[in-house]
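Marked as transmembrane segment by TrEMBL: 6-31, 38-64, 150-170, 177-202, 222-241, 374-392, 398-421, 442-462, 482-503, 510-530.
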Amino acid sequence: MTIVQAIIIGLIYFLFRFTQLGLTFSAPFFFSPLPMSFCVGLVLGDVSTAVMVGAQLQLIYLGLVSPGGSAPSDVAIAAMVGTSVALTTGMAPEMAVVLAVPAGLIGRQLNVLAYTINVACTHLGDKYAEEGSIKGVIMSGALLPNISKLLLTIPLVIVVYFGPTVAEAAMEAIPQWLLNGFATIGSIMPALGFAIMLNVIGKKQLMPYFAVGFLAVQYLDIPILPLAIFGAVMAFLHLTFTGKIGENAKKIDIDEESQVDEKHLLTKKDVTKSYLMWWTFAESTHNYERLLGHSFCMAMTPIIKKLYTTKEDISAALQRHMVFFNTESVWGSVVVGITAAMEEQRAMGANVPDSAINGIKTGLMGPFAGIGDTLSYGTLLPIILALFVPLAKAGNPIAGIAPVLIFGILSLFIGLWLFRFGYKFGSKSALTLLKSGMFESIIMGASILGLLMIGGLVAEYVNVTTPLVITTGVGEYAIQDIFDSILKGLLPLLTLGGVYAFINKVSKNYVVAILLLFIIGIVLGGLGIIA
């Protein structure tokens, strides 16, 4: 690898961190190894091998999103380090996991430092808000936070450039038993990603769908795409027979009289501008003091600029929205739309005090954060990525870019619809959506589809076997054959069950789970108990 290639890889990472998570196309890159591995492959000239490595890493990090949209690992750094080393040294994808996972954990700690530095940008935004400077608020929220991201980019360039040389030297010095242990880590780690997804969507009453997916692939060898189609049909039938679809469709209707006011100062263009600001910078100023508060204020700047003309009114409006705010960016768009409507009503003379606006924001951000984290990054994105894992395993480059386009386009239009819906019907829109049961139906349908697919993916990609043999006076008996006679895929199922039980009953700290799997893999793999 040349220094130029290492710098380009670092710049790609910086580009996708430029707008943080947000609604932009950076979100699936930030949360997903597969697209980031694809980018590394483009730089190093071997996209096919890159997506194969990305597929192995993707299985580990599938659904790895904590409440609040954060993750215990910087998945993008993990993918870039693991893929670059694998491509330049010829290392197997399973072995690349051993380097990628620690890199991601270290990268996460650097993220913490970056979020802390972002607090200073928000304080500068306060100063500009007090002065009534819209340009200053945007500059301090959209541009300055990217300085902190250099803290992540520069170390990444160094590791990517020197990593292959260090890795090659280390691999030559490592004994065979430890190499076997490392290979075992790569085989059992995907169980963590699936266990995390089960933890998000695995309601007890829906777990039989997981069993259907597992048995269908294990005994009938059904490919993942047909299984996904079957899962979608099963989800539709489930919702139909339980009466969820028609029932919720009736509840979501809102009478035209419920619209906030037929008179408007804002045009459709103004509303769209506001949404696009939110779509682009929803989490660019993410920090531990006010989370998305600064970004929310930036999203309101097109509205404020149109509604208010005096410096005093502009300053008051900017300061009104520089307060703490946190939600999930896609489904939480409805809250931004509602706030735009309330600002418009206030500008037209309605009695809408600051406390009412902030009360609505505070009251709604939590419910939509929970809904959004579950749907966007706990269900929708993992399902889309899982659909393309088989293609990626086969080295098809399409698997590296298609999930990004699908998720990005869906997020763009779902968010836009919710934003406009919130603006059109005001606070009643959110209450109607929450009471209608629509979100519950979407989550249930997606969960059924997701559980079927997880079952199939566990059967396909959690490759845990034992080479142990029992020798008797009659002959030799392979323990793996005994397990297969009981249930095909029993060891992968037990591995998943063990990880799932750990994160539910012992510790929800995913870092601890990762370290424990590393130890188990090295010990059992090194001793030749599992392979």
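From the backbone N, Cα and C atoms, a Cβ is placed for every residue, glycine too.
Heads up, TrEMBL stuff is auto-annotated, nobody curated it.
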Recorded stretches the transmembrane segment (374-392) and the transmembrane segment (482-503) touching, at least 3 CB pairs under 8 Å: no
Listed stretch, out of 38-64, 177-202, 510-530, that has the most CB pairs under 8 angstroms to the transmembrane segment (442-462): 177-202
Highest-contact recorded stretch vs the transmembrane segment (398-421), from 38-64, 150-170, 177-202, 510-530, CB pairs under 8 Å: 38-64
Leading stretch by Cβ pairs under 8 Å, where the reference is the transmembrane segment (510-530) and the options are 38-64, 150-170, 177-202: 177-202
